[in-house]
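Asks: Just passing along the structure, written as structure tokens.
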């Protein structure tokens, strides 16, 4: 027994030795006391009780700057949800978090505070403690009071780019905070970016997505179930949404009812609002929802008194009783000028309301709310106010309750196929549907004659309407000229009028038809001074109408490889498509033996004119290129997934990407595009069309094309944007490889950055090495030889926009060393077993290269 004290003495000494040797374990699991500190060098962290979240220092990507932040510990992919010193990073690996003078502070190498909770005043008697809670909230509180009233400061009051469950977005009267989320500057730069998501408390509260000082997207007000502008926001088994409006707070939040489900709402550095859920089996974040989704989500897309409907073409429509403010511009598919009343209101003169169903309510920042009355009382209230222009229920649950009224103009309205709610817009008596019924009552004793006249009017009206819908402008048949009816196969209704009537069925489409003389005048008789470019199809000219409207005229040459079929195809497809990243077709011309397409004029012409011109590509810094990549990806996703049709472009290349004055990319040239059914995944053709260097192997060799063919072309384009080198015609003096081969070789050798355009590295303010390497990796994934290995465009966008998304390692690309075109009459070829064929060594029945 005499040796027992010596054993305990030795054990105690060993225990204290371990504490000295491993200081990382000197801090409690989820708290930091006033006597403790967190340092970068010790690699200490604080972990929430349920091991879901972790707080510590980190540096993103390959940067040398350090930040204090919170991330998910329970999942395999490092995902940051909060950053303390996002705009004041530590410049070296020396940094400390501690409690000092009743504040949490982050100190740099000289013990100078770079971040603090900035609490002032108050009588703090007991010691303070910092604690990381189970929900990811980092709090500073009284060490003797763990109740909510003991909290002096919390990270949930200062969000960065992520809204977590139980975190509140919006205004709190007690603290005076209006909490909002703001994007990172880039995927590997946590500093404050350009985009923010804020709750507007004025009028009928709603949330806006901002790009600096400009509104981009609006959620619509909360209608008791969901936001008016988010119809897909349905109740879920494990997710509960909450919107609170009271004197104490106006906030939005959500909570998760299952502890093993992780979800977050975040805003990407490119301005995309996204909800993610963690998929354990895939070990990845799944994009559950995102906004803006389409052109109709763009703020004020159709101006005042106009509404947007993605299922009509054009997407902009005037509310019943209104007409386009500028018919000519409206006819050219620019709805920003909005609409005006056909008949002015007459207060007390029989005004009424037209009921619009399944609508996103107009902007409500200046609207008035009365939650104590119903829809009938709301209607009377609006009628009594001569300035009232519309009303709706504030709560759509049950039979509806509450009242919101608008005075002044109505804007940012859209119609949904499902969801939305009823909106009642005030009209003059003469514009109401039941005007004929009221007239019949006034006639009284002459009802018989009135009915006869009324029936005659209806018959005449219907006859005129039928005539209007069936009219097609037919041009004389001169030589090989085709009638416009035959040309467009009755799928596009051609109108000679600039104003497009909205009386036609939404399945039809009216496209303005311009006369040859009008186009010739607009282009100064197709002068060389107006020439913008030239291709296998013909020449593109700049034109200007008498009202100053600029346009681009694509004039097909008589010998164009883009023949009548391609012309019809382009008109049918692009006339029905509406997206910010697709070029807009304004009109067409089939006259005097000519075929011409009239597009919106884009000031910065095509991407290739900037990318491959050394005198012009100097302004293409990395941020601009990254935005162009994202825009092209969104446009392609719209074609593949989000449009009314599933469309394969088949000719995606740099010269078919046009740039507007803001350098927003727009996909053009749909002459080779094909429509797929929703259940179709691929098709086969004996006529291979497209451009060498952009065609996928399976398409070039076997005529098989699918969405993955476009993905391949996108991958080539992405790598061209990064390198400013063409895939076709690329030459490397050391090895006879095309661009894809060069990128692949450098990637395997760990020299991925060597292919970057030096212009990018010179613009140090926007050069983000880690982000560029991710893009190169994504590009290589897109150009993999086997179509099934390539990602979908939805996954591409997810990988581009989310730093937390895992990117797999790419396999070898499908690329070529030389071109060998064989007899075009042959449909197959033989090769020896020892021959190594490449993508461009192909045999096809008919080959059209442009």
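Backbone N, Cα and C define each Cβ position, glycine as well.
Okay, these came from Swiss-Prot:
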- 532, 533, 534, 535, 536, 537, 538, 539, 540, 554: ATP binding site (BINDING)
- 347-428: domain 'PAN' (DOMAIN)
- 43: N-linked glycosylation site (CARBOHYD)
- 118: N-linked glycosylation site (CARBOHYD)
- 242: N-linked glycosylation site (CARBOHYD)
- 387: N-linked glycosylation site (CARBOHYD)
- 437: N-linked glycosylation site (CARBOHYD)
- 27-441: topological domain 'Extracellular' (TOPO_DOM)
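For each listed feature, how buried is it and what is near it?
Replies: Sequence-distant contacts of residue 534 (ATP binding site), defined by Cβ-Cβ distance under 8 angstroms and a gap of at least six in the same chain, are 540.
Taken together, the residues in the domain 'PAN' (347-428) have a mean pLDDT of 94 on the 0 to 100 scale.
Of all Cβ atoms in the shown protein chains, 10 besides its own fall within 10 Å of the Cβ of residue 118 (N-linked glycosylation site).
Taking all protein chains in view, 12 other C-beta atoms sit within 10 angstroms of the C-beta of residue 242 (N-linked glycosylation site).
Following the DSSP three-state reduction, the secondary structure of residue 387 (N-linked glycosylation site) is coil. Other C-beta atoms found within 10 angstroms of the C-beta of residue 387 (N-linked glycosylation site) number 12, with every protein chain shown included.
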Asks: May I ask which of the recorded positions 43, 118, 387, 532, 538 is closest to residue 242 (N-linked glycosylation site) if we compare their C-alpha atoms?
Replies: 118
Asks: Comparing the binding-site residues 532, 540, which residue's C-beta has the most other C-beta atoms within 10 angstroms in this structure?
Replies: 540
Asks: Cα distance, residue 118 (N-linked glycosylation site) to residue 532 (ATP binding site), nearest Å?
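Replies: Rounded to the nearest whole number, the Cα-Cα distance is 58 Å.
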Asks: For residue 43 (N-linked glycosylation site), which of the three DSSP-derived states applies: helix, strand, or coil?
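Replies: Looking at the DSSP assignment, residue 43 (N-linked glycosylation site) belongs to neither helix nor strand, so coil.
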Asks: Let me check the 10 A CB neighbour count of residue 538 (ATP binding site). How many other CB atoms are there?
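Replies: The answer is 21 other Cβ atoms.
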Asks: How many neighbouring Cβ atoms, not counting its own, are there within 10 Å of the Cβ of residue 43 (N-linked glycosylation site)?
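Replies: So the Cβ neighbour count for residue 43 (N-linked glycosylation site) comes to 11.
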Asks: What subset of the recorded positions 43, 118, 538 lies within 10 angstroms of residue 387 (N-linked glycosylation site) at the C-alpha level?
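Replies: So the list is empty; none.
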Asks: Which whole-number value in Å describes the distance between the Cα atoms of residue 43 (N-linked glycosylation site) and residue 538 (ATP binding site)?
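Replies: Here the two Cα atoms are 64 Å apart.
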